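Working notes, beginning with the structure itself.
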Ligand SMILES: O=C[C@H](O)COP(=O)(O)O
């Protein structure tokens with residue numbers, strides 16, 4: 001049985017003050033205990049949000065990290081720094097990082113290994129562009145991203161990794177993949193994990209869908225057998241909406 005995971009990716013939104021107001025809004029509500037709820041805040045808010053969620057079941061995530069433990073990498077944040085704050089998760093390889101900050105399959109692979117070695121769980125993003133989908137290449141692209149991301153990662157680590165399938169054309173556009181298209185691709189990713197590892201890892205791996213998930217479509221998506229959760233941008237910035245997503 002895979003525990004559903006709903007993660008809010010706040011992206012570059014919320015000052016510390018705004019972050020704490022949002023957390024207050026979320027934590028006063030009754031949250032479904034059978035769903036893992038994660039907030040992935042900007043680096044600047046991580047420490048304060050960690051304090052604010054103490055005593056709740058809400059988990060904390062970062063949105064990116066460097067793979068090295070320390071060194072001359074101006075402007076970067078190391079996995080040890082995130083560990084010190086007490087993050088539970090880190091998003092790795094989000095399409096916005098791939099598109100604007102030269103994230104590659106190779107750096108994604110390094111970051112996954114580094115997060116696992118440091119002691120928190122990666123949420124690994126994969127997904128195709130609209131052009132790739134229209135050219136009938138979606139599966140080929142996503143399969144290559146998965147194979148490269150999981151290079152040299154042992155099967156006994158699969159339970160500690162979450163994959164987020166986010167078709168780039170559905171992010172922040174209001175266009176959601178249909179629940180059956182999203183389920184098909186999450187099933188295809190699951191099959192790929194089965195090919196790399198075995199039937200056991202194929203069943204264990206948790207796969208989220210991301211791209212314009214909102215209270216009105218979350219239930220339909222979550223009912224699909226290959227979708228174990230959602231990585232949510234816009235709708236995670238409103239407390240009432242995020243709570244509705246957790247309580248789908
Ligand atoms: O990480 C979250 C995704 O990029 C989805 O963003 P969105 O829910 O605003 O479409």
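Quick reminder: no glycine exception, Cβ is built from N, Cα and C everywhere.
All annotation found in TrEMBL is predicted automatically rather than curated by experts.
The annotation substrate binding site is assigned in TrEMBL to 9, 10, 11, 172, 212, 233, 234. The annotation active site, electrophile is assigned in TrEMBL to 94. Look at TrEMBL and you will find 166 tagged as active site, proton acceptor.
Here the features listed in TrEMBL are painted onto the structure.
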residue : record                       : Cβ within 10 Å
9       : substrate binding site       : 26
10      : substrate binding site       : 23
11      : substrate binding site       : 18
94      : active site, electrophile    : 27
166     : active site, proton acceptor : 28
172     : substrate binding site       : 12
212     : substrate binding site       : 20
233     : substrate binding site       : 21
234     : substrate binding site       : 19
Environment of 9, 10, 11, 172, 212, 233, 234, the listed substrate site - residues of the same chain whose CB lies within 8 A of the CB centroid: 171, 232, 235, 236, 237
Diameter of the substrate binding set by C-alpha atoms, the set being 9, 10, 11, 172, 212, 233, 234, in angstrom: 14
Three-state secondary structure, residue 234 (substrate binding site) (per DSSP): helix
Inter-residue Cα distance where the pair is residue 94 (active site, electrophile) and residue 233 (substrate binding site), in Å: 11
Where residue 9 (substrate binding site) falls in three-state DSSP terms: strand
